[in-house]
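Novice: The following block contains the structure, expressed as structure tokens.
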Amino acid sequence: MVESKKTDDYAIEMDKIDQGSKNFEAAAPPQPRSVPSSSLSGNPVLPVLAYCGSSILMTVMNKYVLSGLDFNLNFFLLCVQSIVCIIAIQTCKFCGLITYRDFSADEAKKWFPISLLLIGMIYTGSKALQFLSIPVYTIFKNLTIILIAYGEVLWFGGSVTGLTLFSFGLMVLSSIIAAWADIKHAVESSGDTSAQVSTLNAGYIWMLINCLCTSSYVLGMRKRIKLTNFKDFDTMFYNNLLSIPVLVVLTGLMEDWSSANIDRNFPQADRSSIMFAMILSGLSSVFISYTSAWCVRVTSSTTYSMVGALNKLPIALSGLIFFDAPVTFPSVSAIAVGFVSGIVYAIAKIKQNAKPKTGVLPTSNPLVSASSQSMRDSLRS
């Protein structure tokens, strides 16, 4: 499953996780097994480009599949992605490229509730992406950062600085502009205006639910991970492995598997390309995790956090390039404001983390991934 969407979308005090995620990872994933360095692998430009390319690839592939005529096999899509991810990381582990712990029934029992939250997060995200354009989807994902940040304040003793609060204001403003631009375009375009507005409203509702599910997933993972000390590839392994049986049951019971619906979701002319996109979207989650580790290893967590903020621009632009997202002054303005809000937020976190920590309880946490930060917390206790 595309858990990394969470990942790169949320650089927060406690973890950064996406659209990860998210991805859900936001800063320093576990480092793969070290290999002899070379001038190519040590070049910081290459991992940054690989990370950005992986993020764009995952978003575009998901949108391609979900933008089909009345595509309604979302649980099946997530199941395929999870299976592909498990096969990929098992292969990488066998080849010595990555390492993670073996399956444990006790650890699986502790982690299962988090996998259920992840399913909710990814499913609602897929529904939102189905109804909204990539630029609008990317902009609204920023709102999850606000929910997570204040969840940190309530439950983990975090804090919100003035500059951070300003970035939140820009995020809200960009979302308002994006929604206004979408509705304005729907009203002014030809065709059934009421149907287009209804589609947008459905997308906004799914986006709201997705923001709530994502913040619940991240904050819940922060607590649960203390019981397991998981690293990032451990979380990827258990999240996808535990999700597969649940998704198989959900797709079998809740989705229409009649021959007519299968033909509608997988038209004969596009069947091969749709299946290829589904497989590639599953692989892209592995690419994101690996390139995240590569990026942090050859640069720094600070550089990585800035790359995550800057990465929102090419992801949003990919929707304008590869799909029929409207290119208007309001829509471009929303992307620009959202882009600036991400940069301001990253700068605010860097400045906050640079301040000396005083007192027993930390008021800010490093820009690291959920698994890494929570493991440190458990070691302190």
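Placed from the backbone N, Cα and C atoms, the Cβ positions cover glycine too.
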Novice: Tell me if Phe103 and Thr299 end up on the same side of the membrane in Swiss-Prot.
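Specialist: Same domain label for Phe103 and Thr299.
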Novice: Can you tell me which of 110-126, 160-181, 200-220 gets the most C-beta pairs within less than 8 Å of the transmembrane segment (233-253)?
Specialist: 110-126
Novice: Using a threshold of three or more Cβ pairs below 8 Å, and leaving out pairs closer than 6 in sequence, do the transmembrane segment (274-294) and the transmembrane segment (69-89) count as in contact?
Specialist: yes
Novice: Which residues, given as numbers and ranges, are at least 6 beyond the ends of the transmembrane segment (134-150) yet have a Cβ under 8 Å from it?
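Specialist: Contacts of the transmembrane segment (134-150) (Cβ under 8 Å, skipping residues fewer than 6 from its ends): 9-14, 17-19, 59-60, 63, 128, 158, 160, 164, 168, 171-172, 174-175, 178-179, 182, 203-204, 207, 210-212, 214-215, 218-219, 312, 315-320, 323, 325, 331, 334-335, 338, 341-342, 345.
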Novice: Cβ pairs under 8 Å only, please: of the recorded stretches 200-220, 274-294, 327-347, which one is richest in them relative to the transmembrane segment (110-126)?
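Specialist: Between the stretches 200-220, 274-294, 327-347, 200-220 has the largest tally.
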